[in-house]
2 protein chains.
Amino acid sequence: MKDMPTWIDEYHKGSRFGLNGKVLLKKNSKYQEILIIETDFYGKALMLDGCWMTSVRDEKYYHECLVHPALSSIDKKSHILIIGGGDGGTARECLKYSQVSKIDLVEIDEEVIKVSKTFLKEIGGGAWSDKRLAIHIDDGVKWVETTKDNSYDVIFIDCSDPSEFSNLLFTDSFYKECKRILTKKGILATQSESPESFENIHIHILKSLNKIFKLSETMYSFVPIYPSGIWSWTFASDEELNLSKVNYKEVMEIENNCDVWNLNFQNAAFKMMPNKIVKKLNS
Amino acid sequence: MKDMPTWIDEYHKGSRFGLNGKVLLKKNSKYQEILIIETDFYGKALMLDGCWMTSVRDEKYYHECLVHPALSSIDKKSHILIIGGGDGGTARECLKYSQVSKIDLVEIDEEVIKVSKTFLKEIGGGAWSDKRLAIHIDDGVKWVETTKDNSYDVIFIDCSDPSEFSNLLFTDSFYKECKRILTKKGILATQSESPESFENIHIHILKSLNKIFKLSETMYSFVPIYPSGIWSWTFASDEELNLSKVNYKEVMEIENNCDVWNLNFQNAAFKMMPNKIVKKLNS
């Protein structure tokens, strides 16, 4: 039966998005249900607790937008922290920059990493064997709280939607702790949910980061397998946030290897706030 | 049974997007199967031949992007042609401009208009009773072929995906006929499919319009209920295509009434071409 193609759907506010394929794995970890499906068009895809996390076909829409605005523009980028990111895609994009010397990837669920290494090799790619990547199975909130000041140049929050065990990643106190452990010109980069299907939490994230950091900017783009297909990423810093100020030679190389991101695309994406969100933020 | 909530899905390349609700209507017209569902989050939604066309919640993502780049920037906009657009949303957005004096809406399927007037009142709104709107139940290709030169300031192609009875709306010969019936500085505005889920036809449209018109530009934005959620609209003209050159006073008024579109959003959306499409167009 395991080999029979079947429909697996994510349900969200009276809509559902399903992929058809063979379920390669379905198991419960300590934290969540993990499912891997193999599909024709999207390739292999990962679902956690009923929500699509990533697929081989469209993961670049997400990972390239989370990583490159921060890393292509920041001068010092030797120490990176990734909170979540157990599929390896964020680490893979970070490792394209030769100046990155150390990445701490802090994932709470060891099973997600094991499953990704086994079934989603295309996503993590060479990252798993790169000596610059250190994997820590730990609670991201605890990790940040116990890290000393000025430790990281960039922090990526690559987490799932708010839930019982990820809620704390969306709080003011967590963002303040992130700020404390960033270097002086450091950047916090976080996925900031969908302005359409998670409007309230989206606005909450923007307002929180805007309050806690001197500078913050939000970009909007596409993630086909996420609810509504509209997604956002927010970047915050206390010193400098000049996300279009890049080393062109380096960026050209990165662009050549990207499916979605390029500098023009990025600069535009920072202005793609739907008008109804503009109105709500200004009201 | 008609009143029981049920799942209605659009299937596309091994994925499906479904809405849950009460099916208010399901019938076959001369051309296609027409279905109306009433949902909690998306409001009422229209499906034609198994493809979602529009919903009350997210129709503005589509209609505002098709209409405002052309009408906010063109000087002379008295005569408008809409091919398709039977739900009334495109006409409604056009009628926000006082300089629009006449709209010919040419829809092949009379049933779509009847159903929209009955079930999707929120979408057509006051358009149906506006004296500037003339409805013609006719074949858009034939209409264009039999129209005399220089007849319209703007033509909107507001059609469904290529199919047996809409294929001709995507051909070079049709685009050339559109060009012939446009006024000297006229603009052709067409939905141009998804770069993700209809990549080949998307690239075909861009290349055709680029070849046939002196100027053409494509914008990318979101339509949550369409396959992949990424959609595009292309604008073409032989004389002038300065889509960000607007009458600010007028645009401010339009913006205030838009959920998605504003001038910043628009200018950005014209640069949101995913890098893989950039590469394919340049190869």
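Cβ atoms are placed via backbone N, Cα and C, with glycine included.
Some features that Swiss-Prot has for this protein:
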ACT_SITE  B:D158  active site, proton acceptor
BINDING   B:Q32, B:E107, B:D139, B:G140  S-methyl-5'-thioadenosine binding site
BINDING   B:H63, B:D87, B:D158, B:C159, B:S160, B:D161  spermidine binding site
DOMAIN    B:5-238  domain 'PABS'
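Locations of recorded Swiss-Prot features on the structure.
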{"residue": "B:Q32", "record": "S-methyl-5'-thioadenosine binding site", "DSSP class": "coil"}
{"residue": "B:H63", "record": "spermidine binding site", "DSSP class": "helix"}
{"residue": "B:D87", "record": "spermidine binding site", "DSSP class": "coil"}
{"residue": "B:E107", "record": "S-methyl-5'-thioadenosine binding site", "DSSP class": "strand"}
{"residue": "B:D139", "record": "S-methyl-5'-thioadenosine binding site", "DSSP class": "coil"}
{"residue": "B:D158", "record": "active site, proton acceptor", "DSSP class": "strand"}
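When the recorded positions B:H63, B:D87, B:D158, B:C159, B:S160 are ranked by how far their Cα is from the Cα of B:Q32 (S-methyl-5'-thioadenosine binding site), B:S160 comes first. For the pair B:H63 (spermidine binding site) and B:E107 (S-methyl-5'-thioadenosine binding site), the Cα-Cα distance reads 16 Å. The recorded positions in question are B:D87, B:D139, B:D158, and the one with the fewest Cβ neighbours inside 10 Å is B:D139.
On the backbone, the CA of B:G140 (S-methyl-5'-thioadenosine binding site) and the CA of B:C159 (spermidine binding site) stand 10 Å apart.
The binding-site residues B:Q32, B:S160 differ in how many other CB atoms lie within 10 Å of their CB, and the one with the most is B:Q32.
In the shown protein chains, 27 other C-beta atoms lie within 10 A of the C-beta of B:H63 (spermidine binding site).
By the criterion of other Cβ atoms within 10 Å of the residue's own Cβ, the least surrounded of the binding-site residues B:E107, B:D161 is B:D161.
Other than B:Q32, B:E107, B:D139, B:G140, the residues of this chain whose Cβ falls within 8 Å of the Cβ centroid of the S-methyl-5'-thioadenosine site are, in sequence order, B:Y31, B:I83, B:G84, B:G86, B:V106, B:I108, B:D109, B:D138, B:C159, B:F165, B:S166.
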